[in-house]
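As written in TrEMBL, here are the features:
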- Cys354: active site, nucleophile (ACT_SITE)
- Glu253, Asp280, Asp300: S-adenosyl-L-methionine binding site (BINDING)
- 118-433: domain 'SAM-dependent MTase RsmB/NOP-type' (DOMAIN)
Amino acid sequence: IIELILQKVDILKLESKIFRAFKSNQPQSSFGVNSSNFYPQPDTLIKVLVHDQLFSSRGISLAKVHKIRQAIERHAIALRAELSRLMAHHGVSQASQLLIGASTSKAMCPNQVQSSEAEAMSNTMAVRWMRINLNKWSCKEAIRWLGDTGWTQVDLKILLTAPTLTKQIFAMDDHISCLIAFPPTIALATLEPYLDGRLIAQDKASCIPAQLLLGDVGFDEGVQVIDATAAPGNKTTMLSAMVGKNGKVWAFERDPERFVTLQEMVSKAGCTNVECVLGDFLSIKHSDQRFKNVSYIMVDPSCSGSGISNRLDHLTASNSRDDRRILALSRFQTTIVSHALRFPSVIQVAYSTCSIWREENEEVVFRILKKPEMIERGWVLKDVQLTFAEGKSWNRTGQAKSEEEKLLTDQMIRFDPELDHTIGFFAAVFKRNSAALFTKLEICSTKGPQLMTTNPSTTGRLKYFEATLTEKQQCWKGIKPGKLLYLP
C-alpha cells in the first residue's frame with residue numbers, strides 16, 4: 001500500500017535535498033564496513049515514516065522540529081488524498097480493509113503488512129460491499145453461485161451487527177437491488193466472480209449517484225448519460241449496466257494515467273456501451289452535436305475526501321480541516337455542476353462528493369439553485385426517495401440551518417460512516433421540469449432573453465417566467481427560489 005502511495009507522491013524526489021543530506025551524514029561503521037548495513041536507506045526510511053504518518057495513532061516518532069519529520073508532514077494532505085483514492089478504487093470504506101487486501105491480493109504489496117496485523121484490525125471494520133455487474137451477471141445467478149460455493153444468505157441486519165461472526169455469509173442490500181454485503185475479511189483474490197468482473201468492489205455510498213439518477217428510469221430505454229469525472233470507473237460501469245445495451249455512456253477523464261485505469265475497468269466489466277473520452281469535461285461545448293441526445297449527467301468531482309479520511313481518525317494523529325482548500329474545491333464544484341446544467345438536452349444532473357463538509361455539499365447546491373440563470377432554465381431538486389428499491393427510503397438527508405433550507409435538504413442524501421457502514425457521502429439530483437418548454441434560450445441583443453419553444457403559443461419571456469415560477473412554487477411548496485438564501 002505504501003509503495004502504491006509513494007508512486008504518486010514521490011517524497012524522495014520532492015525532498016531530495018534533505019534525504020541526500022541524511023545519507024551523507026550517516027556515520028561510518030567502526031568495523032570498516034558499509035554503513036548501509038546498519039542504517040536505513042532513504043527509500044526504506046520514507047516508507048516507515050509514511051506508514052506512521054497515515055496509520056499510527058502516535059504519528060511519526062521524531063521530534064516536531066526534526067527536518068525529516070517536517071519533510072513528510074509537508075506532504076500529509078497529498079498522502080491522505082492518495083490513500084483516499086486507493087480506498088475508493090478498491091471499493092472499501094476503511095483503510096484497514098486495504099491492509100487486509102494487501103495480505104490476500106497480489107495486486108497489493110503483501111510484504112508491507114503481515115496478515116496477523118490485518119486480522120487484528122478487522123474487528124474495527126465495516127462490511128465489504130460488492131455490486132453485481134448486470135452486464136455480465138444477474139442477481140439470481142449471483143445468489144445461486146454463492147449458495148453453490150458454500151455461502152449462506154442472511155438478513156442484512158445480522159451481517160451489519162456481527163460482520164466477522166463467520167466468513168461465509170452474505171446479505172442483499174435493502175436499497176440497491178444489485179448490491180451485496182460481505183464480511184470485511186473476504187479474500188477478493190480468491191473470489192472468482194470478482195476476478196472476472198462479474199462482481200465489482202464498490203462501496204454502497206458510491207453506488208448512490210447512479211441509483212438516484214437512473215433508479216426510476218426503465219431499463220434499456222436507450223438513454224444517453226455523461227459521466228463527467230469517470231476514473232477509476234466503478235460508477236461508470238454501474239451507469240452502463242443501468243442504461244442497457246440500447247443506451248450509451250460517455251465517460252470523461254482528463255488525466256492520462258487515470259484514463260488508462262478507466263479503460264481497463266470498463267473493459268473488464270464488459271461495458272460495450274461506454275465510450276471513454278480523454279479530455280476535460282469543462283472544455284466540452286454545449287453545442288457539441290455528439291451529446292445532443294444526452295439526457296442525464298453524473299458529476300462526482302474532486303473533493304476533500306473527508307468522508308473517507310475521517311474513517312482514519314483511529315489510525316492517524318489528526319484530521320485537520322483545510323478551509324482554504326475546501327473553499328477552492330467548493331468553487332470548482334459549483335463551476336463543473338453549472339457547466340453540466342447548461343446542456344440543452346439534459347433533464348437531470350446528479351452531484352455527489354465523498355466529503356462531510358457542508359461547504360462542498362449543501363452550500364454548492366444552494367449556490368447553484370439561487371443563480372438567476374438556473375432559475376430561468378427551470379432547475380429544481382428531484383425527489384430522490386422514489387428511486388430506491390420498492391417500499392424503501394433513505395432517512396439521512398442533508399444538513400439544514402433553517403426551515404426554508406430543510407425543504408431543499410430533505411431532497412438530498414447523506415451517508416454517515418458509523419451508522420451506515422459506508423464512507424461519508426453526499427448526493428443530490430438536479431431536475432429540469434417540463435424540459436420540452438425550455439428547448440432553446442437565445443440571448444437577443446435588443447430584446448434580452450427570448451424563449452424559443454416547440455409550441456409557438458408559449459413563446460415569450462412573460463409566459464416563460466410565469467411557467468417557471470409556477471413549477472418551482474409547486475416543487476418547493478410555495479417558497480420562491482430567490483428567497484431561499486444568498487451565499488457569498
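Every residue gets a Cβ built from N, Cα and C, even glycine.
Remember, predicted model here, so these are calculated numbers, not experimental data.
Features per TrEMBL, on structure.
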| residue | record | DSSP class |
| --- | --- | --- |
| Glu253 | S-adenosyl-L-methionine binding site | strand |
| Asp280 | S-adenosyl-L-methionine binding site | coil |
| Asp300 | S-adenosyl-L-methionine binding site | coil |
| Cys354 | active site, nucleophile | coil |
Quick one: which residues besides Glu253, Asp280, Asp300 have a Cβ within 8 Å of the S-adenosyl-L-methionine site's Cβ centroid, in sequence order? Asp227, Ala228, Thr229, Ala230, Ala231, Phe252, Arg254, Phe281, Pro301
Averaged pLDDT score, the domain 'SAM-dependent MTase RsmB/NOP-type' (118-433): 91
Given that the record lists Glu253, Asp280, Asp300 as binding S-adenosyl-L-methionine, what is the largest C-alpha to C-alpha distance among them, in Å? 13
Taking the Cα atoms as reference points, how far is Cys354 (active site, nucleophile) from Asp280 (S-adenosyl-L-methionine binding site) in Å? 21
Sort out the sequence-distant neighbours of Asp300 (S-adenosyl-L-methionine binding site) for me: same chain, 6+ apart, CB within less than 8 Å of its CB, listed by position. Pro209, Asp227, Ala228, Thr229, Lys235, Ala350, Tyr351, Ser352, Thr353
When you measure from the Cβ of Glu253 (S-adenosyl-L-methionine binding site), which residues in the chain that are at least 6 apart have a Cβ under 8 Å away? Thr229, Ala230, Ala231, Phe259, Leu262, Cys276, Val277, Leu278, Gly279
When a 10 Å sphere is centred on the Cβ of Cys354 (active site, nucleophile), how many other Cβ atoms does it contain? 26
